[in-house]
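Engineer: I'd like to ask some things about the structure below.
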Amino acid sequence: MTVTRSQTGKTPKKLERPGYVETPGRRVTRSRVVVASETSADDVSDSATEIRGRSKSTTRRRQVKTEEASEGEEKGRANGHINGNTNGHTNGHTNGHTNGHTNGHTNGSTKKPRVIDGWVEGSDPKIDYSGEFEFGGSWGVLSMMIGFPLLMYYMWIGAVYYDGKFPRPSEGQSMSEFLAHMGHLVCEGAYPSLRAWIIYWVFFIFEALCYVLLPGVTVMGRALPHLGGKQLPYYCSGVWSFYTSIALAGVLHFTGIFKLYTIIDEFGPLLSVAIISGFLVSFVAYFSALARGAQHRMTGYHIYDFFMGAELNPRMFGILDFKMFFEVRLPWFILFFISLGAAARQYEVYGYVSGEVGFLLMAHFLYANACCKGEECIVSTWDMYYEKWGFMLIFWNLAGVPLSYCHCTIYLASHDPATYRWNRVFLVFLYAAYLFVYWVWDTTNSQKNRFRQQERGTMVSRKTFPQLPWQTLKNPKTITAADGSKILVDGWYGKARKIHYTCDLYFALNWGLITGFSSPFPWFYPIFFACMITHRALRDIQRCRNKYGEAWVEYERQVPYLFIPVSYSSS
């Protein structure tokens, strides 16, 4: 599956070339360079990269702003008045005056600077001029930094000590006694032991080495306006990293050096290590950026800036991009290995792997594999281009995604298979339906991606597994907008406008459904994701209407269905 965005049109045409992954045995010395597509409003969300479900109920993916700076106001606003600027004034200008002109007026012959993603052309990129705060500002992000780790511990306690039920005070137990008891359970069962630290960080370092040393392809990122259109190279070795990790994990398990079910046995301590690591790495990332003067779009509010991040493109050795590294290898690899560990534990205890655990193992493998085989498409996403490397990205990838989305697996691993056994006919149906929806999901995003690549002359064919039928449309039907951009009205996007969201939600619901309804915690991810994806779909629709105008109205007329051909349609 590939997931790309449209480009600006500045990329020169080039011939389609077959993709490759180099064989192991030597360090890659030459990697194909592919120019990443620019993001367009109609494909702002990618299944393999955006479904990561970060805690963004009010997601930050704002459309690139090209409106003019407002009468001397934008240039001095800087989100809380940084560097001694007061009352919204900058560079010594007062009362909203810009460039020496009074009352905020500019010379009619002088072109006003554009505001691009919080940066005013020609201004200091270290300052955020957008005037916008997400998640309720400093108080909101502080609540999230405190609340989500507590929620993770609460769900873990419920899963382990309350048989998957909500922990609540027992009869006659005061709230203070209940909270003290909860704290005792965390100290007793989730103490960050040395063994847990070694497991977590050996995996972390190993994956970093795989990122740098294994074969892959190099992809050029989107142009960065504040750097004069400079494009950064991104090295994509996810496919080799994933399969190398699986092979080594198998060797360690079968030789007895490290049994895979150790991940299940040590889940509590690993949870604490991941949470602590999320905070530690966030502190190092923030203060090292300040010390090196590498901060970008800062508001001057330290709690908020710590959460959103200080540095835009943190790198090591010129090849290891930390945002790229954290995006796939840590969250989705860990989630897959937790499911693999559950299967190993079940086989150790019962002598077989239940169909329900096998279902989750299949689902998590397909998802992690999809992220890897389309890794070159991540470089054009909003996370890589706009989001800074702060607590939001760091904590969510180190702890939030792998250790809160896994409760479906934890529930199955903690209970006898007889307690959640589905009817065998229904289970076969779940497998078949899931694989069908995966095909729709994969080919939907592939059609969108390859349409954009063909349009810009950057089509690259990679023979990564799995290659599925109907991934590429020949002479697809399109609608041309007034600005010359095209809307794909063919293939799956000729049937429903957000059909890839339908698939995403189907996956999430199945992860909960396979566990049954005895515990609420496996349903945390499906419910959270359903709320997020609904909000995102409505937001995307509005952005597309603004971008494409009458062309989008025509698209809605030709394709009236939003999610599936019988679903709600916006009008």
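In case you wondered, yes, glycine gets a Cβ from its N, Cα and C as well.
Taken from Swiss-Prot, the feature region 'Disordered' covers 1-116. What Swiss-Prot records for 1-10 is compositional bias 'Polar residues'. According to Swiss-Prot, the feature compositional bias 'Basic residues' maps to 54-63. Taken from Swiss-Prot, the feature compositional bias 'Basic and acidic residues' covers 64-77. According to Swiss-Prot, the feature compositional bias 'Low complexity' maps to 79-108. The N-linked glycosylation site annotation in Swiss-Prot covers ASN107, and the record cites sequence analysis as its basis. According to Swiss-Prot, the transmembrane segment annotation covers 140-160, 197-217, 238-258, 267-287, 324-344, 348-368, 390-410, 425-445, 513-533, on the basis of sequence analysis. Annotation comment: Swiss-Prot describes LYS448, ARG452, LEU488, HIS500, TYR501, ASP540, CYS544, ARG545, ASN546, LYS547, TYR548, TYR555 as NADP(+) binding site.
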Engineer: Per the record, NADP(+) is bound by LYS448, ARG452, LEU488, HIS500, TYR501, ASP540, CYS544, ARG545, ASN546, LYS547, TYR548, TYR555: how many Å separate the farthest pair of Cα atoms?
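Structural biologist: Across LYS448, ARG452, LEU488, HIS500, TYR501, ASP540, CYS544, ARG545, ASN546, LYS547, TYR548, TYR555, the two farthest Cα atoms sit 21 Å apart.
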Engineer: Near the Cβ of LEU488 (NADP(+) binding site), how many other Cβ atoms are there if near means within 10 Å?
Structural biologist: 22
Engineer: Measure the Cβ-based neighbour count of LYS448 (NADP(+) binding site), defined as the other Cβ atoms within 10 Å of its Cβ.
Structural biologist: 26
Engineer: For LEU488 (NADP(+) binding site), what is the secondary structure state per DSSP, taken as helix, strand or coil?
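Structural biologist: In the DSSP reduction, LEU488 (NADP(+) binding site) maps to strand.
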Engineer: What kind of secondary structure is CYS544 (NADP(+) binding site) part of, going by DSSP in three states?
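Structural biologist: DSSP call for CYS544 (NADP(+) binding site): helix.
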